[in-house]
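Written out below as structure tokens is the structure these notes cover.
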Amino acid sequence: MSRSTEQDLLSTEIVNRGIEPSGPNAGSPTFSVRVRRRLPDFLQSVNLKYVKLGYHYLINHAVYLATIPVLVLVFSAEVGSLSREEIWKKLWDYDLATVIGFFGVFVLTVCVYFMSRPRSVYLIDFACFKPSDELKVTREEFIDLARKSGKFDEEILGFKKRILQASGIGDETYVPRSISSSENITTMKEGREEASMMIFGALDELFEKTRVKPKDVGVLVVNCSIFNPTPSLSAMVINHYKMRGNILSYNLGGMGCSAGIIAVDLARDMLQSNPNSYAVVVSTEMVGYNWYVGRDKSMVIPNCFFRMGCSAVMLSNRRRDFRHAKYRLEHIVRTHKAADDRSFRSVYQEEDEQGFKGLKISRDLMEVGGEALKTNITTLGPLVLPFSEQLLFFAALIRRTFSPAAKTTTTTSSSATAKINGAKSSSSSDLSKPYIPDYKLAFEHFCFHAASKAVLEELQKNLGLSDENMEASKMTLHRFGNTSSSGIWYELAYMEAKESVRRGDRVWQIAFGSGFKCNSVVWKAMRKVKKPARNNPWVDCIDRYPVAL
């Protein structure tokens, strides 16, 4: 990467550190310069192969819909030129065997079509676990719990405090009280206790809301990135609820914060081959088991952001569930960048120099995340954008491709930098700039993984979204923190609590995680959510939101 491009990804901020308490500068105000990495302006650089991939998906699913109108048009033109008497005469000219054979071929073709097309997958309902108030902590209490454990010195505690102040996390998030213990808490016993509390809490609520018996569930997918005991968490669920012996169960581990969408994708594939079935997807992460107690600041960062949370989703492919389902699954697009070494090591679990295990956050995280996000939304665009937006996008893309000025411009790094900064130095640079589709025309609601305040603000800026579009993501970060793969469901619960989801609305959930992966899922609302459920995690505080971060 050139030095100019590297500098474009950095932003500076002057921070007032207050009055110096001691030393030669005691009593004097102190300031520091904070340097941050920004997400690359991924919408200003479109890779054509990912656009082609999106249209490949579209064509594969739309070929039948494209041929049916043509056949109807040809048939109508042929029959429309005949009178009623001529039609009957032509029919009587055929013998009985020919008519029966034609009718049989027609019925067979219709049957094959309906049997081969993908089954619709419905989201019946979902549940988000809300821990008890005993586990609720403010930011100050969080620092006090860490100090009480005796595992961190004042330098690390001060670093944690500064991270929390800029994180966007509020004073009502949840952590296990075991983090204040002076003993080792990253044990199997602690992990199982935390997992049991959250997973069973979410599933109890889900089965109550859907009125589906655990024995009726045919597919179970549990995802938890860090804590993967033997027997697995999926086996723990089956044992607790005494589920049937032929259930198709899967346990996904090590797949990061985007694993919830991967689990939905796996459940969808299982439902395609198992008719009239229910599938349950559980997404969670263990905070206590992943608690880092060393001095490496790049490994301390996850301690500051991750909080307790768990979601459980009930999916169905039964046609009779069409009437009372909340949403229908429309699209899933998955992007994996692990072939690139920087992406692979951007979030990496390892031991530090003292032998303490934790997640190491690379300085390249924002950059590789932006590249994965760019690839994902470029692939998703042809599937969801209205035709008018696609037409404008393709017109600009063709103009860029065949314009000599555009080819010259793209070969120089200075011109690339000018495009990223939005400079309009000449008409040739304007020709080389792609048309940026308006994703607000494709979706009514956005659920972005609530990783941090800085990430959400960069997403809002790059996608040109309003504060209202980002409200659910930002408020989830403030109220519940980063709950890993379950966070996008707390955001959808926020929208339902606000009664903003109406019939026909499209919801875009997007999450990214280690590997590096970026995954999108699109839902279509089947009905208006008129009143939030009594066990919605936002029901007791929704009137206080939104708030300023």
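Yeah, the Cβs are placed from backbone N, Cα and C, and that goes for glycine too.
Per TrEMBL, the features are:
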ACT_SITE  Cys257  active site
ACT_SITE  His336  active site
ACT_SITE  His445  active site
ACT_SITE  His449  active site
ACT_SITE  His478  active site
ACT_SITE  Asn482  active site
COMPBIAS  408-418  compositional bias 'Low complexity'
DOMAIN    113-400  domain 'FAE'
DOMAIN    444-524  domain 'Beta-ketoacyl-[acyl-carrier-protein] synthase III C-terminal'
REGION    408-431  region 'Disordered'
TRANSMEM  57-76  transmembrane segment
TRANSMEM  96-115  transmembrane segment
Chain-internal residues near Asn482 (active site), provided their CB is under 8 angstroms and they sit 6+ positions away: Ile169, Cys257, Phe305, Phe306, Arg307, Ala450, Ala451, Ser452
Separation of alpha carbons, His445 (active site) and His336 (active site) (Å): 24
Other C-beta atoms that fall within 10 angstroms of the C-beta of His478 (active site): 22
Candidates His336, His445, His449: member of the active-site residues with the richest Cβ shell (10 Å): His449
Rounded Cα-Cα span from His478 (active site) to His449 (active site), Å: 13
Between His445 (active site) and His478 (active site): CA-CA distance (Å): 19
Average pLDDT across the domain 'FAE' (113-400), rounded to a whole number: 93
Number of Cβ atoms other than its own within 10 Å, given for Cys257 (active site): 27
